[in-house]
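Here is what TrEMBL says about this protein:
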COILED    455-486  coiled coil
DOMAIN    584-675  domain 'Histidine kinase/HSP90-like ATPase'
TRANSMEM  19-40  transmembrane segment
TRANSMEM  46-65  transmembrane segment
TRANSMEM  77-98  transmembrane segment
TRANSMEM  110-128  transmembrane segment
TRANSMEM  140-164  transmembrane segment
TRANSMEM  184-204  transmembrane segment
TRANSMEM  216-239  transmembrane segment
TRANSMEM  245-268  transmembrane segment
TRANSMEM  280-303  transmembrane segment
TRANSMEM  309-326  transmembrane segment
Amino acid sequence: MPAVPLTPRAHSDPGSGRLVGAVGAAVTLGLGVFTVVGAVRTGTGASLPLLATVVPAGLLGSVVVAARRADPVGRSLLAGAVLFLLGCAGEEWVLLGLPGRELAVWSQTWTYQTGLVPLFVLVPLYFPDGRLPSPRWRPVARAAVVLTPVVGLVVSCSTGAVSIGGVEHPNPFALPVPAWTGDALGIPVLVLVVLAAASVVVRLRRTRGPERARVALLVYAVVLTSLAFLTDGVVAHWWPDAYEGVFAVVQVVPVTVVAAATVSVLRHRLFDVERVLDRTLLWSLLTGCVLLGYVAVVGAFAAVSVDGAGVGFLAVAVVAVAVTPLRARLQRRVDRLVYGDRADPYRTLTLLGRRLGSALTPAAALASVVTAVADALRLPFVAIESRTPRGYETAAAHGDPPSADAEPVTVPLVHAGEEVGRLVLGGRGRRVELAPGDRRLLEDLARQVGVALHAVQVTEEARRLAADLQRSRERLVLAREEERRRIGRDLHDGLGPQLAGLTMTVEAARDLVGVDDTRARELLDGLLRRSDAAVGEVRRIAHLLRPPALDALGLEGALRSHAATVRAPDVEVAVADLPPLPAAVEVAAYRIALEAVHNAAVHAAAATCRVVVRCEDDALHLTVTDDGRGLPPVPPAGVGLSSMAERAAELGGRCTVTRGPTGGTVLEAALPCTAGAPGGR
């Protein structure tokens, strides 16, 4: 058996790997077929239960070696299976009485014992990634590699006899090596099997995520097999009379290890073996079916006492007729097993459509999409990233993200000619290798996913706008109630006492008329001054509600009037012909412009400021530019900037403040002219 490295080599020749895998599969099938035919011919079936373990192990090892020649898992599976199959075939060789019986008897002395170590020690140690759980397990791996040839050499030269078909056969190449040495070497082999089972348990406890799922099944299988081997050794030593029945059960238990490894390889796409595995399974199953069909036809003719040279010819003819439809049927089943739903693109698209149709929420729809794609392509990670002004953001994901050095495959998601996101696919290795058929399937899937993602984006945008609208309404209600409270306070605390005082003064003056006219006149003069103050208070409150300049001068005149009062900067106002504007739009534009001019004078230290107002596309556009110092890299979160933005947003418009191309500050506001009934001038 070739030495198994402690860690897999980084590179290997793929051509030589495929050659070794093909030869290994051919040897496995050849030895297996010979054993089955021999068992049928001799009427014995002692080796048949063991074939259920070693033939799948050999085929799986051949597939892994073909994909990754240097991987110790594949090499160990193939080496152990071939050793066991040599023993099984050798037993049938002896029973058939073929030439070279001495070599066949001799193979019985060492093949089974040496095959144990690769299959049940090295495979658990290195599964699933071809590396040991930690450097602490290197002594166990080294001991297994060294012990394998030692066990084979010692037992092949021992003087013990071999029982084949109930007949004891002496070792034809025996040397003066006591027979008990083979039993003694079985103890360290059993210890290594137990340690290998412990390594799988340790690996399971230390791993998280996808790798834990890859190992979980193997843990139960290896632990069960270790207990079976321990039971086999104890019964053989202490209760030999019961050994035959126990051995019949023990030799079936190891099939769980191969089954667990096979399930992990298929379900988690280990070793990138799909293409090789598909072909290997197809031809292996086809070979087995042909063999069984041949045996069945021959047996059927024999049952009706038909004999002669023509029976074999008829059996071959029947099998040949059935091969083509059988191959097509097996191909579909194997493709479905290996590739999943992507073997049937129509089915994949149908399932995706059903999942989208049954989703209750946008998030559930995208989650169903990534799950469907991952199941169809057998990928460990699939994500949908939505395109936003800030870049790509993950909208839904299935599985754990690949490592930082991995190179995932990205597929653009397009709707109505515009990219709305991308589909990200991650494999288990550094790169994801996709066949042309997989890429075509992805393109078909991307069309449906693009529509789904666009629908989700529209829904989310509608929700965001609804939430913004709700917040704006809440702010409006709060601002309105606060304004009412302030006006009520001003009326109650300011204008109310003034009017009450005026009333009392009028009553006092009335009582003094005809009694003390001079005093009455003084009270009336004071009443005039206080009434003027009350009128001023009313105007002040009214100005807070709506600037009087707008009613008196209109928007253009009010802006020019305010510009004339500003000493610095030099304010220039340019207003195009404006249609009648809603009162709310006039107030918002006026206050935003005044705030921008104030910022240019106080914060920007500008020398000139230009205010431009125009109406275009059913919106009032306000632009205020200055030549000041401009915005800092991180604009301050001031009340003025936020209030201007809120005034525009309340009317369904927008307001942005940016740095000018040559310096200074540029404010741009757009206010819909349909925000209310016309008013103003």
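Heads up, the Cβ atoms here are built off N, Cα and C, so glycines get one too.
Under 8 Å from some Cβ of the coiled coil (455-486) lie the Cβ atoms of residues 362-363, 365-366, 386, 395, 420-421, 544-545, 646, 649-650, all in the same chain and six or more residues away from its ends. Remote same-chain residues near the transmembrane segment (110-128) are listed as 1, 4, 54, 57, 71-73, 75-77, 79-84, 86-87, 90, 137, 140-141, 144-145, 147-149, 151-153, 155-156, 182, 185-186, 189, 192-193, 195-197, 199-200, 211, 214-215, 218, 222, 225-226, 229, 254, 257, 261, 264, 268, 270 (criterion: CB distance under 8 Å, separation of at least six residues from the stretch ends). Same-chain residues lying 6+ beyond the ends of the transmembrane segment (19-40) with a Cβ under 8 Å from its Cβ atoms: 46-48, 51, 54-55, 58-59, 61-67, 69, 74, 78, 81-82, 85-86, 88-89, 91-93, 95-96, 276, 280, 284, 287, 291, 295. Taking every listed stretch (77-98, 184-204, 216-239) in turn, the largest tally of C-beta pairs under 8 A with the transmembrane segment (140-164) is reached by 184-204. Remote same-chain residues near the transmembrane segment (77-98) are listed as 1-2, 24, 27-28, 31-32, 34-35, 37-39, 41-42, 44, 46-47, 50-51, 53-55, 57-58, 60-62, 64-65, 104-105, 107-108, 111-112, 114-120, 122-123, 164-165, 169, 258, 261 (criterion: CB distance under 8 Å, separation of at least six residues from the stretch ends).
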